């Protein structure tokens, strides 16, 4: 993942920014080599940890879907929509905490400490789910789990966007996002092994062991990641002076001469949030993100959807893996190509269109083959579309950093609202076609595509205005601050 251009080159709207004092003694070739070493160092420390944390984040959150097949619903005596309520209440806490969490992270400036502390918290709560004996206790633990898990995704996106310039961010975000897909692929395999081999061990039913083992593993991994994860460029202690300078400078260059990251007490996320609310482009992005995320609630019900094809419990869990594995590959390829050609609209809208086709196929047929094919194209479309919508969010709200951090938290929080009601779109008895769920998902995907088209033309128009304004300033002999910046369309 070593891009060829150095940060002092002018490409894709970048401008040359004066070298920091710590880099004055280095030649252009030495700066290019230093930047590559830094990028490789961050890739090796940041991405594997983020992927692993995301795997555990999704495993713990969606373990309830596999636990349902392991007898949880019958053991706790859940009736009516109580299971759907237990699933959806997690997202209430998730939505409430995302923006405040990123505000706190922006203030602290140390994601290694903050994110791993939250990880320990949700690991303990996941393991505690294995000890509940009533609907009330299950609901309380699920709400708290969402409250703590909310810190991770927007915090991870803020961390990635603080280290990587725009032309690097898409593929890194997809690699990071693959953690949720790997989790979806292997959660069924893990659950199948636990249900098949641990039912009755220690006097506990298998569904309880799913929560206990996955939650305990999360806590252990959190302690390991604390020592490996970097903080932000300005606060990471193990960087050399030159590495810190190049890390900060390349982000400044990518922001067209604006300083990208300062210490948390010098930039207010409240100010960034205010800027965000006043930006009409982001409200369109919210529609894109919301529509792309409308089917995310399918995670907790995907085993149920596959089970409706008439297979036994273990086979059902095994069949959940291939769609997630394909989604992992597609998501990475889409993001890689989006970064390669520096384009966002087609990669976002076509991914969502792929999901739309999957919804229509799944809702319109009862045949096992067509429905599984619908699932195979549905999940890659859902995850690629949502990932690209969040990358587009980071790219469009690229400066100042407080606005970008607010956008990542705010847009993801609003997009998550659909998961609160989405859980009730898959009631008992709706199988095998789940017409209500797939119809709603299809409608929201269509709206997201329309919003993507609108945003595409708005950003192209904004770029033309930037070019005209810069030409006028240049003709007048003046330098416009931030000149050279262009939106990725």
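Even glycines carry a Cβ here, placed using N, Cα and C.
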Range annotated as transmembrane segment in TrEMBL, from 42-59, 60-77, 240-257: 42-59
Per TrEMBL record, range annotated transmembrane segment [choices 143-165, 258-280]: 143-165
Segment assigned the feature transmembrane segment in TrEMBL (from 15-36, 345-366): 345-366
Criterion met for the transmembrane segment (174-195) and the transmembrane segment (345-366) (at least three Cβ pairs under 8 Å): no
Segment-level pLDDT (mean, integer) for the domain 'Major facilitator superfamily (MFS) profile' (46-463): 88
Same-chain residue ranges lying at least 6 outside the transmembrane segment (207-229) that approach it to Cβ under 8 Å: 45-46, 48-50, 52-53, 56, 59-60, 63, 66-68, 70-72, 75, 111-113, 115-117, 119-120, 122-131, 190-191, 194-195, 198, 201
